[in-house]
Every structure is written in structure tokens, then in C-alpha cells.
Amino acid sequence: MAPLNTRARGDGTHGVTIVLTAPQRNSVQSVDIPGEPDRAAWSGKMQFFLSIIGYSVGLGNIWRFPYLCQQNGGGAFLIPFMIMLVLEGIPLFLIELGMGQRMRLGALGVWNTIHPWLGGIGISSCIVTLFVALYYNVIITWVFYYLFNSFRYPLPWSTCPTNGTGFELEECAKSSETTYFWYRTTLDAAPSMDEPGGLKWWIVLCLLLSWTIVFFIVMKGIQSSGKVVYFTSLFPYIVLTIFFIRGITLRGAGAGLMHMYTPKVEKLLEPTVWLDAATQVFYSFGLAFGSLIAFGSYNTPKNNCVRDVLLVSVCNAVTAIYASVVIFAILGFKATVNVDRCVASNTDILVKHALLPFKNASSEEYEAVMQKINGTELDALHLSECSLSKELDNAAEGTGLAFIVFTQAIVELPGAPFWAVLFFTMLLSLGLGSQIGILEGMLCTLFDIDIIKRVKKQHVTGVVCLFCFIVGFIFCTGAGEYWLKMFDSFAGTIGLVVVALMEMIAVIFIYGHERFTEDIYQMTGYRPGVYWQMTWRYIGPVIMVCILVSSIVFMVIRNPTYGAWNAEKGIVEQKDYPNWVMGIALAMILAGVLPMPIVFLMRSFQCLKVDLDIHQGSIRRNETTASTKEMIDNDDDEDEDDENDFSGPALGGHVKTQSDFSDEDEEDKPMTMRMMMMRSTTINAATPLKKMGGNHLNVPTSRKQNYKKDAYDV
């Protein structure tokens, strides 16, 4: 113990009192934060906000949300999207960010602290995050390849290559320039997953570059990644604004926007529309990855996390809508150009067959002739149907939108290489921002493990990136895109939804919604009201269950397929996944779900030894001679109630360990104030300190042992 300060009293003696104080419940100032005292922290509020924005605003806002709007009722889709945002996204967002900030631990530490039996949630989250990180960086790899080719003039996907005789290659002629460049030049696509072909060296090099850049960004945690987010978070908005200004001035932009946002209210009666909205909200926030918990853990305990959640949610939704406007304005221009080409081609045919007098005929004359031609004559003359709405309905999603449809629109713009560089740099920024958050969540979970804490973060990060790079070779074959779609369909769907559902149950029904409400109040000064309580306790879990059940049902009813490239026909054909691939998919789903029940069973049956850092109280010195009897009595009363107290360490409560459930492990109990006093004996004031046995306090073997409480003059 530290030297005891003494002060002369009126009676000529010196007095010192050792006061044992218990933490006051429901008080941030008095509760020992369970996290690490030297934990890394954000250098400023802006760095934290931009990191969250860069993580949650990702590629899905660019190539998934516009497609969902188009397919699910146009502007009417915004109604279920906003409703699901309010009822599902924001409440779960606050749970993850708030628990991370309160506990100051990663995903594994948070759930272990709430209850050791819940440790599997953190493990499942880490495994699913690993699967997503594997294929997400492959998208960045493809973006790098397109970015490098964007510096060529003319753009390599603007024309079809020719054979030795000067004719276009048949594969390109049957498809299109951008489709050929994607499937043949970039991917060198295989005919099926059973015939993957060898590794494509250019993709391997780009994958190596991607993981190298990601490693240098995240190798020191937020100290290194926090500086990069200023670019990855802000640059996409600059590019979107440039594209917006250019897009709305293009011919046909208005038609594209009208097609997208014209509300089809009848679509709202279809359950799949609401399911798509709920799923989009869930994935657009990046929930259940553990990244939001990690980001929150780097905040100070007094940070206003409620305000952060609301700001990020609004920013996420506005970005998705804003990106949709930009995408469909430019797609409207592309559709208009394609229709004009179609009309010009039909006009040449009509003039050739003397159905039109000359090529410069007005649009009214052209339409009048086309209406007179029936379907049989249309096929006989090889005429095409030129429809703007049909062109706009062909809008794709995902890689098809980014690498095929939008690249074709860029070719039509004056100064195409400049716009291509801007577009793919924006995709690169969005991808890196999300990948940084994904890896940060996984690494933060790993560093909750004591063994890994002893290793430098740079070394652990390097091993993780090297492992992911090697496993990523399966995405560098001719079947790389097929594997990516399989990972996206199975690895990051059911597992994430189950983890999110268990997180909500753990916090609201095990940790306690009242306790979590009090945590939010102590951290922010705002006490969550009826809206939060209803969404946390009832509405949110119901929505998550609906997403989970519907995902499983659709997976069973709809036979899973993937789109394979048919080089002979120049089209994408749907094929069934091979049985061995479905076995791998099932294994990934189980790997992301099984850790939760396994850890629960092993710890409930005491197959694993639980090691928790329990903050029960502290010893402090007090230069008064007031009796400690009242304080010790209060602590004794609180300890009597520990049997029925489920408070976690975040509020100073007792955390149940295995020793609480077994008499044989009684000696392994953490030392509490009552235990220390139970082993204390009456000490004579004249007895030397050496004879007192030093300051060693033994842990009692019985909770009900009698003891004597006094204050002693030394």
C-alpha cells in the first residue's frame, strides 16, 4: 500500500482511516469504465463523424438504392424506406454505438461484459465480417483496374476489338462494347464455376495493390485510418456534385428522373417492397459488423451519441437519394442516345425499302410509318422497337450498373476519360471508406483477446491482410465474379441478421432496456422516450425476425442461381450452383451462426473458464477518523442483494461468473469489499505493523462468515 499520511490530532495521537467505497450506480463519474484506460481515441469530433459517414455510406448507396427505387414503385419506395429507417435502422444504430461508447470495448468485449454466455455474438460478428472483407476488397480491385484503364484515350471499352480481317469480334458484336470489356477483357470469365480456369495475373496484381493500401491505412488503427477518412468521406460528395451539375444539363436527364421517381403507389401493397426497404436500411448502415461498436468505443463517455446517430442516419438517407438523382439523370441521357441510334437505324431501313421518302423525315412521319407496320413486317424488315421506357427499365444493379451500364453512359460524354477517372476514383473512395470500417471492427474484436493484445497491431493487421489476400485468389480466376456473388448472397446475409437480432435481445432483454436508457441519459443528458422503448423492445426485433424468416424462405423456395457468361451467345445465362458450392455456402452460414449457441452451451455447462475483469469497488485514503461502519454496512447490504442483481459492470453491478453458480469454485470469486472485511481481525493499536501480516487480505471461503467492523488508530 502507499505510505499512509498522518496528521496530529488534538489528543496527541495520529489517526488514519482506510475507507472502502462502492461505486454509485447510475453515475458515469463514479463507475469504472470496463474498457482499457489507455484506449485509442478520436483526435476530434470531425474525425469520428467522417469515419462513420465513410463506413456507412458505401457502394450500396450508389448501385443498390437507385435500382430498388426503380423496381419497387419509384418515388413511392421512399415511403417504406423512410419508415424502416425510423423503426429499424436508427434504433439498432444507437444500440451499437451507445454500447461501444459505454463499455469502451470491441464487439467481443461488450457482449462478454453483458454476460459471458453471450460471447459468441462477438465471435460470430468477427467471422461474418471476415467473409465480407474478403470479397469487398475484390470490388476495390476491379475499380483499380478500370481506373488505370480510364487514363487511356479513347477509352478501351468504347469500341469493340477487331480480328485480323478487320471485323469486330463476334463475342463483342453479339453483346456490347462495355459488356465485352467487363466479361472478357477484365474478368476473362469462365463458362461456369466448375471450369474456373487459371489465375488472371492482372487481377492478382490489383488485388495485391488493394490489400497493400488497406494495410497501410489500418495498420495503426484510427491513428492512421483517421487521417485518410477526410479524403474517402468528402471526395465522393464532391464528385457526386460535379456529376449532378453535368447530369441535369444533359439531354434526356429529365426523362430519367421522371422514370425513376414517378410514384407507383400500388407497389406498396406488395410485401416484397417493404422487405427490400428493410433489408436496404439494414445493410446500408453496416449494422452487426462490430464496426459501429468499435467506432463508439473510441469516443469519450460524455459524447452525445444520440445526436451522432441522427446526423449519420439523415446523411445516409440523403446521400442515397442524391446519388439516385445523379445516376438516373445520366442513365436518362444514355437511354435517349440509344433511342436516337435505334430510330436512325430504323429510318435507314425504311428509306431502303421506300417506306420513307428520305432520311431527314420528321419524327411525326417516322411514327406514322411505324404504326402501320405490324409485328410480322417488323421482324421481316429487322426493325427494332425504340422505346425510352424500355431502355430505362434495363437499368442494372451492382457490378452491372457500375462496370457496364454507367461506363456506357460515360463513353457518350464529351471528354469521357476525365469523367471515367472521376467516377472510378469516387467508387474507390467509397469502397475504401467501407473497407476501413469493416476491418477496424474485426481487428478491434481480435484485440479484445488477451493473447493477441500482446502482439503489435501492425503485425496482427499484416497477418490478417496477408491471409485475406491469399484466400482472395479464388476471386482472381475466371469464376471470380461468380464466387463474389455467392459470398454476397450467403456469407453476409443470414449471419448478419442473426447477429443483429441477438444484439438487440442481449441489450434490451438481458442487459435491460431501463439500464441502457439510464446509460444514454448519463452519457448525453437525454433520456430515450416512448419511441426508443417501443422500437427497441417490440418493433425492431419483429422487423429483424421478418427479415430473417423471409431470407430463409426465399433461399429455400427460389433455387439459388448465378449469372454465367456465355461467350458464344454474348449473353449472361442463369445456372444452378453446383452441389459442392452450395455445401461451401452452407458452411459459411453455419460458421457465422454456430459460435453463438456453442459459446452459450460451453459456458453454461462450464466447459470454458470465464475470466472477467469485475470492477467492484476501490480503496481510497481519507484523513478523517470517521467510522467506516455505515459505509461497510451499506456495502454489505448491497452484496446481500447481489444474488438478485443483474446489473452489468457498466453500472457498477455485480457480473455473474461461474463461481456464482458453483460452490466448488468458491475460492475463485473476485475479491469484493465485503470479502476483504470478512477476513479482517481485530488489531491491537500497539501491535507493530509487521506482526499484522503486512497488508495482505485473503479471500474468504464462505460468503456468510461473520466478521468485525471497526476503525483503528495506528
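Glycine is treated like the rest: Cβ placed from N, Cα and C.
Computed from a predicted structure; not experimentally measured.
Residues or ranges marked as transmembrane segment in TrEMBL: 48-65 (among others). For the transmembrane segment (48-65), same-chain residues at least 6 beyond its ends with a Cβ under 8 Å from one of its own Cβ atoms are 42, 139, 222, 225-226, 229-230, 232-234, 236, 280, 283-286, 291-292, 295, 298-299, 303, 308, 311-312, 315-316, 319-321, 323-324, 327, 397-399, 401-402, 426-427, 430-431, 433-434, 436-438.
Neighbours of LEU430 (Na(+) binding site), defined as other CB atoms within 10 A of its CB across all chains, total 28. Residues or ranges marked as Na(+) binding site in TrEMBL: GLY54, VAL57, ASN61, SER284, ASN316, LEU430, SER434.
With a threshold of 8 Å between CB atoms, the same-chain residues lying at least 6 positions outside the transmembrane segment (77-97) that come near it are 68-69, 267-268, 273-274, 276-278, 280-282, 284-285, 287-288, 292-293, 295-296, 305-306, 308-310, 312-313, 317, 321, 500, 503-504, 507-508, 516, 520, 528, 532, 535-536, 539-540, 543-544. Per TrEMBL, transmembrane segment is recorded for 77-97 (among others).
Counting same-chain residues at least six beyond the ends of the transmembrane segment (117-148), those with a Cβ under 8 angstroms from any Cβ of the stretch are 59, 106-111, 186, 202-203, 206-207, 209-211, 214, 288-291, 399, 403, 407, 420-421, 424-425, 427-428, 431-432, 434-435, 438-439, 441-442, 445-446, 448, 468, 471-472, 475, 480, 483-484, 487-488, 491-492, 495-496, 498-499, 502-503, 506, 510, 588, 591-600, 603-604. Per TrEMBL, transmembrane segment is recorded for 117-148 (among others).
Look at TrEMBL and you will find 201-222 (among others) tagged as transmembrane segment.
Sequence annotations record features per position, and here TrEMBL assigns transmembrane segment to 234-261 (among others).
Per TrEMBL, the feature transmembrane segment maps to 281-298 (among others).
For 310-331 (among others), the entry in TrEMBL reads transmembrane segment.
The transmembrane segment annotation in TrEMBL covers 418-439 (among others).
Annotation source TrEMBL lists transmembrane segment at 460-484 (among others).
Feature annotation from TrEMBL assigns transmembrane segment to 490-513 (among others).
If you look at the transmembrane segment (534-557), the same-chain residues 6 or more away from its ends with a CB under 8 A from one of its CBs are 84, 86-88, 90-92, 95, 275, 278-279, 282, 493-494, 497-498, 500-501, 504-505, 507-509, 513, 516. Positions annotated as transmembrane segment by TrEMBL: 534-557 (among others).
Per TrEMBL, transmembrane segment is recorded for 577-602 (among others).
The feature region 'Disordered' is assigned by TrEMBL to 624-667 (among others).
Annotated compositional bias 'Acidic residues' per TrEMBL: 633-645, in sequence order.
Per TrEMBL, region 'Disordered' is recorded for 686-714 (among others).
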Listed in sequence order, residues not in GLY54, VAL57, ASN61, SER284, ASN316, LEU430, SER434 with Cβ within 8 Å of the centre of the Na(+) site Cβ atoms: ILE53, TYR55, SER56, GLY58, LEU59, GLY60, GLY286, THR319, GLY433
Contact between the transmembrane segment (281-298) and the transmembrane segment (490-513) (at least 3 Cβ pairs under 8 Å, separation 6+): yes
Other parts of the chain folded back onto the transmembrane segment (577-602), taken as Cβ under 8 Å at six or more residues beyond its ends: 117-121, 123-124, 127-128, 131, 193-194, 486-487, 489-491, 494-496, 498-499, 502, 560-562, 608
For the transmembrane segment (310-331), sequence-distant contacts whose Cβ falls under 8 Å of one of its Cβ atoms, 6 or more beyond its ends: 49, 52-53, 56-57, 61-63, 65-66, 69-70, 78, 81-82, 85, 89-90, 93, 237, 240, 243-244, 247-248, 250, 253, 256-257, 259-260, 284-285, 392, 395, 401, 405-406, 409
Local Cβ density at ASN316 (Na(+) binding site) - other Cβ atoms counted within 10 Å: 22
Chain-internal residues near VAL57 (Na(+) binding site), provided their CB is under 8 angstroms and they sit 6+ positions away: SER233, PRO236, CYS315, ASN316, THR319, LEU430, GLY433
